[in-house]
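Encoded as structure tokens, the structure appears first; notes follow it.
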Amino acid sequence: MAGRESPPPSAPSMAPISFGFTRTSVRRRLADLGDSERQAPEEKDFLATVEGRKLQSVNPPEAPKELVIPLIQNGSRRQPLSKNPKPSSETSTVLMSDGVLSQAVKELIEESKKSLEERENAGVDPTLTIPMIQKGCTPIEEGSDSEPQAETVPEEADYEAVPVEAYGLAMLRGMGWKPGKGIGNTFSQVVKPRVNSIRPKGLGLGANRMEAQDLASVGSHHPPRPDGDRENDKEGQPQGLMHGRAVVVLSGPYRGLYGKVEGLDPDNVRAMVRLAVGNRIVTVSEYCLRPVSQQEFDSHTSKPGHVSQTSTEQQNRATGTASSLKAAQNQEDSKRRQKGSEKKRKHSPDRQDGPVPKTEKAAPRNKHWLHRDLRVRFIDKLHKSGRYYNTKMTIEDVLSPDTCVCRTDEGRVLEDVREDMLETLIPKGEGHRVMVVLGPHAGKVGLLRSRDRAQSHALVQLRRENQVVELHYNAICQYMGPGDSDED
């Protein structure tokens, strides 16, 4: 054995080493959700009758069920009190076992003290966890790995079973609501909900629906015709409005005029109609139009006598609506101006209760009260669309006896202001300067001492004469300029 020679060590092989990985994919068979449905037997239904567009089945239809969504109760529950009292024998047994219970309580207290001392000596455990008991769930027991289970686990929501329009009633039924049952604890009563119907387009809150429906019957009434003619009229009578259709206006300023529809505005329920008389395009509400046949349109627009008499009057009425309205407005404005001139204070030196002689009536008024630096009130409602009506201003310059230039408190200058557009202004407080504008003391400046509103009189102390005079409100005006000594 010792003499046997050991074989020489083999030289390391230089062959390359390679590693390979293979992956085998196993096709897993997923559970087919439709297997259970396929296995269920299919119920065949047979057709019994066909009524119009409805198919009547052999099997009776299922009665609709009231959907109820139950209300989830609150998790904070209390233990109900026991209704059955304990018998007397049990009470005696409890009294006898009080000593045993007290001894057990003492032992528990001693054990808790020992465990507390051990924890204080050992320190705080960083991995200590206290499980949280969820609301409405039962706590888990020691040694069990299961999670706390809720006492009332909600079912999986089936959204297809409850339509959107029935969701609200289903919720109310789950809360205890029933149809016809009053709501409330003290004064329970059934309150019917108010359902607002959508108004037709083009009819606002002030419009009457019945009037809009009656417009169709306002048109021209034809004498009764035979049944054959009536049927022909119904067949030839167009229905609805469209571009190029002949119509007649039933109400409004263009009532009785014929035309053709040029365009429709469905948002505002209005139509653009080209009138046959005048060839004008007007905008009319669709409720005021009635479609007519082409024959009726030609018969009312091609007769020269008819056009010359009725249509011309209608055209004049339609075209003259704006002018008549303007004339009426001007007439009303003139009446208002006349009433305003009667109501405002008239600046006349002497007033007589008796009749005025004709010579005095015919005599022109040559006394004017305009003066510089007077504080006046603008009373014309028509000037600049009433922008300066009842505005206080100061006379800057007098261009003529009855024309002046005024300046407002904001600095705006009004030129060519007539005397009848202004009214004298009386200061409210005593001690303000006023100017006498009418009478023998016209042009003099004084101080206002007192006022008598009932008699429209005021006591004015004239500076130069140093006397107190009683004047009417129409004869004085608030003065904003220098004293009367500087005016001479």
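Every residue gets a Cβ built from N, Cα and C, even glycine.
Swiss-Prot assigns the feature region 'Disordered' to one of the listed ranges (1-20, 121-140, 441-460), namely 1-20. The average per-residue pLDDT of the prediction over the domain 'KOW 1' (231-258) is 77, rounded to a whole number. Secondary structure by DSSP for the domain 'KOW 2' (401-428): 3 helix, 15 strand, 10 coil.
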